[in-house]
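The structure appears below as structure tokens.
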Amino acid sequence: MWSLKSTLCIALLVTYSVAQDSTTVDTTAATTATGGTTATGGTTATGGTTVSGATTAASGATTASTCADDPNTDCTQYTSLCSNAKYTPLLQQFCPKTCGFCGGGSTAAPVQCVDSSTNCANWEKNGFCSSTFYDCANKKQYCAKTCKLCTTTC
């Protein structure tokens, strides 16, 4: 069985080697085959290896009632890739719980809303949060919690 780390390394190597041959390969929908299943039906790269256009369901596919991360994968190190469409098929297979791909909503740890400055309480008293002098992004950067901007897109 392939690990997520091995799969990502292979995907990057294929992308690199194909780029060196000046051939474009879309690896967005490619997943590593497991249990002897071969990914087929996509663009063929040098050497006749098909690397895109197919996804392979793992045996015992993840469902809402059995949603769990692969026990052999440290999914916490891949959380930054959860929203990257290029890695979605792999992360759905190996890290569905960590990345929030389980049915019934996200099971990923919620992002904590905090102030990065210790002066926010004083700044709020002085009108920082309601001031038009500072843009939303600055207010959110320093005092997201105090200014109640945690769920606001600036």
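Using N, Cα and C of the backbone, Cβ positions are placed for all residues, glycine too.
Here is what Swiss-Prot says about this protein:
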{"type": "DISULFID", "residues": "Cys67-Cys102", "note": "disulfide bond"}
{"type": "DISULFID", "residues": "Cys75-Cys95", "note": "disulfide bond"}
{"type": "DISULFID", "residues": "Cys82-Cys99", "note": "disulfide bond"}
{"type": "DISULFID", "residues": "Cys113-Cys150", "note": "disulfide bond"}
{"type": "DISULFID", "residues": "Cys120-Cys143", "note": "disulfide bond"}
{"type": "DISULFID", "residues": "Cys129-Cys147", "note": "disulfide bond"}
{"type": "DOMAIN", "residues": "67-102", "note": "domain 'ShKT 1'"}
{"type": "DOMAIN", "residues": "113-150", "note": "domain 'ShKT 2'"}
{"type": "SIGNAL", "residues": "1-19", "note": "signal peptide"}
Residue among the disulfide-bonded residues Cys75, Cys143, Cys150 whose Cβ has the most other Cβ atoms within 10 Å: Cys143
Residue, out of the disulfide-bonded residues Cys67, Cys129, Cys147, whose Cβ gathers the largest set of other Cβ atoms within 10 Å: Cys147
Counts by DSSP class (helix H/G/I, strand E/B, coil) across the domain 'ShKT 2' (113-150): 14 helix, 1 strand, 23 coil
Assigned conformation of Cys99 (disulfide bond) - DSSP reduced to three states: helix
Residue from Cys67, Cys82, Cys102, Cys113, Cys150 whose C-alpha is spatially nearest that of Cys129 (disulfide bond), among the disulfide-bonded residues: Cys150
Euclidean distance between Cα atoms of Cys150 (disulfide bond) and Cys99 (disulfide bond), Å: 20
Secondary-structure category, per DSSP, in which Cys75 (disulfide bond) falls: helix
For Cys120 (disulfide bond): intrachain residues, at least 6 apart, with Cβ closer than 8 Å: Phe128, Tyr142, Cys143, Lys145, Thr146, Cys147
Of the disulfide-bonded residues listed as Cys67, Cys75, Cys82, the one whose CA lies nearest the CA of Cys150 (disulfide bond): Cys82
Entry from the disulfide-bonded residues list Cys82, Cys113 having the most other CB atoms no farther than 10 A: Cys82
